[in-house]
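The domain 'K+ potassium transporter integral membrane' annotation in TrEMBL covers 5-461. Among the features that TrEMBL reports, domain 'K+ potassium transporter C-terminal' is placed at 475-650. As annotated by TrEMBL, transmembrane segment applies to 12-32, 100-122, 142-160, 167-189, 215-234, 246-266, 286-306, 343-361, 367-391, 398-418, 424-443.
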Amino acid sequence: MPLKSPTEDDYLGIYSIMFWTLTLIGVVKYACIALKADDQGEGGTFALYSKLCRNMNIGILSRKYSNSDSGFSPSILHNGTKNKSALGKFFEKSIIARRVLLFIAILGMCMLIGDGILTPAISVLSAMDGVRGPFPSVSKSMVEGLSAVVLIVLFLLQKFGTSRVSFLFSPIMGAWTLCTPMVGIYSIVRYYPGIFKAISPHYIFNFFWRNGKEGWLLLGGTVLCITGSEALFADLGHFNRRSIQIAFLVTIYPSLVLTYAGQTAYLIKNPNDHDDGFYKFIPTKIYWPIFIVSTLAAIVASQSLISATFSVIKQSVVLDYFPRVKVVHTSPSKEGEVYSPEVNYILMILCVAVILIFGDGKDIGNAFGVVVILVMLITTILLTLVMIIIWRTPFFLVGLYFSVFFIMEGVYVSAVFTKIPEGGWIPFAISLILAFIMFGWFYGRQRKIEYELTYKITLDRLGQLISDPSVQRVPGLCFFYTNIQDGLTPILGHYIKNMKSLHRVTIFTTLRYLLVPKVAPHERIVVNKLGYRGVYGCVIQYGYADPLNLEGDDFVRQVISSLQAHIQNNSGCLSSDTSDILEQISDLEEAWSAGVVHVRGKTRFHIGKNSGWFDRTMLAFYEVLHSNCRPALPALGVPLPQRIEVGMLYEA
């Protein structure tokens, strides 16, 4: 905070602002209210958005992916559609209102990703800056270089997953939340025992009365005291509500109150040390232990935001809002522990660039403040809609909540916006690029769905294609993937036209995104016969927090098991039916053992590992697309690859 000749009353006013910011936003808004607005255990801005969409059918995605008349998929999307509020009806009728709401949710996600870039940079840089206390000769460039090295090592370790080092997280954070308030208590007793008189709000009014515009501009610095509150809400996906409330109210909140009180007490007696208010108030005898703890705590904080960024990217990919980057599950037991190599290295480059280009911690702090307060303001808006549309909270309480937090955070936003030329433009640039990518990708995917709906193949048309004498049924199991549910993918027509064949067991698989975090295992796969021998429909239902792996043996095994159960449960009890059931089940097992083919818009052929042949359809398709290889492949006996990447022969 760029203070100029601060007085005792200035410091008391600033501490009063921080105390009430922590209390109102941290305790009241997040710990007591926002944590109750979870979406089936998941938290964060997008959880609020999906909660609104799921309850009131105001989502854009849900209309494209889920409202269909396919006849073989039960809907589990929307609850509470009766007795809708007037505001809910307005959103359902207005496409503009729904798009604005979607834009707000996407902006919150983009800002959180930006937070994943700025948090490691400012946390590690500010912690490493403690080296300059005992060694003033160390230059800022040296500190920036050391911080960059620490971050590079941290990002290079991401591929191993957090489970291998997570046993250290609790001791580190426990030491941090214990050591700093102890130092704070020491400083209070030694320098200014009456510091807690600043809790009185009149110190806030006096501060603004004396400082006017300068005091308002200083709010861009005080907002940093509440960073992490949004993560408190987003962590609902990893911890339950009660554990987060206990952790915050019993340890974090008292620790922050006492630490800031101790710093304020020190600065009142040493008013010119505000440029380094943290390390200066650490006693000399424990300086290096606190430095080590603070550096480790900064690394843990960075790790938490990096992991959160991976999770957000994964959710965006699942929702078709982000290009198909590689997502790896680094833990066999924890679904939420994911890693994306491309995203990881991009984050590493951006974090290091932020440190080396904007090495001044104040510039990064300005950018950080913009991210923090905008995400909080978005949460306030979405939470207000949840209160009105879903909770049906009395108007007086909704008005009280909205007026207090919207005005409070709005004042903070107005202050941090003045910092845009001084580094605050960084998160806006990052968010703008991300939003452009996400909306562009979403638009392209929607156009693809529209194409598939326009040129879809009906069941009657499928019957005509199968009955054609020139079309043969060849051994093997084939999955056709699509996002539409009231017809079959146009890929089928091109496939049969070029191959003149269809596998004996063909499964038309529809990916169905549901506006819920996770889908129950018994509702994950919904199958049905489509009226022709060996032809089935399958709907894969998933939520935004569900892992989605459509190529592993486990997926095929689950689909086959579901088909076998469906065949057994939906057939009669006559002996002829029994033999037919056994024959259909036998066909499934033989097709599975022969080989598995996955066909998409960007197609991947997966040949079963145990198959010793390469059927006519596969070879023909390979030859059609790679005609230059036709003489070489069969003649030279080239070993057949497990997977072949090809492009489809249709425009989408």
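Heads up, the Cβ atoms here are built off N, Cα and C, so glycines get one too.
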So what's near the transmembrane segment (367-391) in sequence-distant terms, Cβ-Cβ under 8 Å and 6+ beyond its ends?
25, 29, 33-34, 37, 45, 48-49, 51-52, 55-56, 80, 84-85, 87-88, 91, 101, 104-105, 107-108, 111-112, 114-115, 118-119, 122, 220-221, 223-224, 226-227, 229-230, 233, 354, 358, 397-398, 401-402, 405-406, 409-410, 412-413, 416-417, 419-420, 423-428
Sequence-remote partners of the transmembrane segment (343-361) [C-beta within less than 8 Å, at least six residues beyond its ends]:
116-118, 120-122, 124-126, 129, 140-141, 143-144, 147-148, 151-152, 155-156, 158-159, 306, 309-310, 313, 325, 367, 423, 426, 430
Surrounding residues of the transmembrane segment (286-306) on its own chain - C-beta under 8 Å, 6+ positions past either end:
115-116, 119-120, 123-124, 126-128, 130-131, 133-134, 150-151, 154-155, 158, 162, 168-169, 172-173, 175-176, 179-180, 183, 228, 231, 278-279, 344, 347
Assess whether the transmembrane segment (424-443) lies in contact with the transmembrane segment (100-122), where contact requires at least three Cβ pairs under 8 Å among residues 6 or more apart in sequence.
yes
Which sequence-distant residues neighbour the transmembrane segment (167-189)? Criterion: at least 6 residues beyond either end, Cβ under 8 Å.
195, 251-252, 254-255, 258-263, 265-266, 281-283, 286, 289-290, 293-294, 296-297, 300, 303
